[in-house]
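Copied over from TrEMBL, here are the features:
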- 14: active site, nucleophile (ACT_SITE)
- 14, 16, 176: Mg(2+) binding site (BINDING)
């Protein structure tokens, strides 16, 4: 492909489980808040598929794993403990997935505009991306609390594309969950599903969805979409 093949295209990425393997640090934050509240810690695999659904969902899953449950008011201190620990240790073990940095560079060289659309809060998303040295790669980072409705609302993606000065007709969503797929479908965008992330693969996908088990395959899918 020529250097300007993706000129005018906006490539929108989910964050956790798509660009960055954040699971180790999220697991540590979960076990910290559970232990601090007097509960048992939980194994990584028990909550891996909950990543991307929010801290409260992970805490509830961690409690359920040991047969416990809390009312919303009682859950609040654990949530605050989780957030405080996670923000202070957001990039201890997190790292971009293999070939992410190279692929982002190649997309830029081909003229694409890159953006992040995540259900992480704006502050945490920016903090993580900055810690990884990737901030300059993206025209916009759009967290869950920067829009009226987060994913799976298609408006979250469309707002991200607009803020990146792109158009929906030349935009692609890359993600690892059914939430991402639904958001892309609601926005009318083609979707590339990365199988190495955290979301359990649903039984059926939109016929237009591409699957990618590596960033090499992500790149191939983007090329196919742009050349269609």
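The backbone N, Cα and C atoms fix where each Cβ goes, glycine too.
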8 Å Cβ shell about 14, 16, 176 centroid, Mg(2+) site members excluded: 15, 17, 18, 19, 52, 118, 175, 177, 180, 194, 197, 198, 199
Rounded to the nearest Å - Cα separation of residue 14 (active site, nucleophile) and residue 176 (Mg(2+) binding site): 8
Recorded positions listed as 14, 16, least Cβ neighbours within 10 Å: 16
Chain-internal residues near residue 176 (Mg(2+) binding site), provided their CB is under 8 angstroms and they sit 6+ positions away: 14, 16, 17, 18, 52, 193, 194, 195, 196, 197, 198, 199
DSSP three-state assignment for residue 16 (Mg(2+) binding site): strand
